[in-house]
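Below is one structure, written out as structure tokens; comments come after it.
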């Protein structure tokens, strides 16, 4: 009984010490602040290096992050739509046959698409009907007997299905089942038959919406009304916002020669650039047009290529004497691709704070570099090491060890 009475106060004493230790630990955690030890080093070389690095970081934050990259703004891209309309009339006189071509004849596909072709030259094959006829008089189609024309073979670049017969009077070629007479496209009209296309005009209507900011804009900006559109033609200097473009100007601004590209065709890209700073008034958000030659304008270097220019074929079908016939056209034209590129910016506190925070963090690079110089490169590195780091002896007994010993 006596031993038990002596043990109880000892247990209470240990419990009281434990509670006191926990209370002090929690108090230190919540109500005390620790800061790294700083050492002031009077060294000109290290000081200059530190300030130069900090100056470079500051220039990066102000010049690149905030001024160039607009790090204080959020961004949004637009949802856009484009439709087009061609106007102009072309005239041809081939072998005494006069013809007028309007926008329904020379624009492919139908009006309104953002990617389309304007015909500038063509090779026409009239009155074709399905039947049997000789191939063209080319070396690959020439023959001396039926054995030279294997029946059932379809040449990849041929015009039809071989019948196995060698036909012809003076020059014999293999007979094919095809649309007859077969097309002969070896001679391209020069100059282009529709040189009058340089006077055609293209009207572009483009609208963009920036959903994040609820802003809607059109390339028919303030000041462009019906009266202005009737008389304006785009000019990069005098009329940079006019939405009506002359084809000859488009070709020239793309770096091409109209006579050359009209003969064999090519491709031109029209870029509508909407780069808007919505911290200013919305009326300042205006399109900028640029033009790029994508393919065409063959010169001496290009003539060595396997394929030059742009062309395709289409046919007009009709009935004559209960026989289906067609008129085949090989069209050479200029393909226009209208591309909308957009970005809108507006002040936002979140990217601003993020940019500032990242910039402050980068300032730590100066400290790291200078510490490396002090601790590893300078002659007095041992002295600086002792000044920067304070080394203490290991504590032999912790408070909890006392509890264990008493137990």
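Note that Cβ sites are derived from N, Cα and C of the backbone, with glycine treated the same way.
Positions annotated as ATP binding site by TrEMBL: 85, 86, 87, 201, 311, 312, 313, 330. Around the Cβ of residue 312 (ATP binding site), the number of neighbouring Cβ atoms within 10 Å comes to 14.
Note on residue 133 (disulfide bond): other Cβ atoms within 10 Å of its Cβ, all shown chains, come to 19. Here TrEMBL flags 133-180 (among others) as disulfide bond.
Proximity of residue 166 (disulfide bond) to non-local residues of its own chain (separation of 6 or more, Cβ distance below 8 Å) is seen for 143, 144, 145, 146, 148, 149, 172, 173, 174, 175, given in sequence order. Per TrEMBL, disulfide bond is recorded for 143-166 (among others).
Its Cβ placed at the centre, residue 149 (disulfide bond) has 23 other Cβ atoms within 10 Å. The disulfide bond annotation in TrEMBL covers 149-174 (among others).
Over all protein chains present, the Cβ of residue 232 (disulfide bond) has 15 other Cβ atoms lying within 10 Å. For 232-242 (among others), the entry in TrEMBL reads disulfide bond.
Annotation comment: TrEMBL describes 276-285 (among others) as disulfide bond. A 10 Å cutoff on Cβ-Cβ distances gives residue 276 (disulfide bond) a total of 24 other Cβ atoms nearby, all chains included.
Feature annotation from TrEMBL assigns N-linked glycosylation site to 199. If you take the C-beta of residue 199 (N-linked glycosylation site) and look for same-chain residues 6 or more apart in sequence within under 8 angstroms, you find 88, 246, 247, 248.
Among residues of the same chain six or more beyond the transmembrane segment (46-67), those with a C-beta under 8 A of the stretch's C-beta atoms are 355-356, 358-359, 362-363, 365-367, 369-370, 373-374, 378. Annotated transmembrane segment per TrEMBL: 46-67 (among others), in sequence order.
Counting only same-chain residues 6+ beyond the ends of the transmembrane segment (355-378), those with a CB under 8 A from a CB of the stretch are 41, 43, 45-46, 49-50, 53-54, 57, 60-61, 65-66, 71-72, 384-385, 388. For 355-378 (among others), the entry in TrEMBL reads transmembrane segment.
The Cα of residue 285 (disulfide bond) lies closest to that of 242, out of the recorded positions 133, 201, 242, 311. Nearest to residue 312 (ATP binding site) in space, judged by Cα atoms and limited to the disulfide-bonded residues 133, 180, 232, is 180.
In this structure, 143 is the one among the disulfide-bonded residues 143, 174 with the smallest number of other Cβ atoms inside 10 Å of its Cβ. Maximum intra-site Cα distance, ATP binding residues 85, 86, 87, 201, 311, 312, 313, 330: 24 Å.
Cβ neighbour count within 10 Å across all protein chains ranks 330 highest among the binding-site residues 87, 313, 330.
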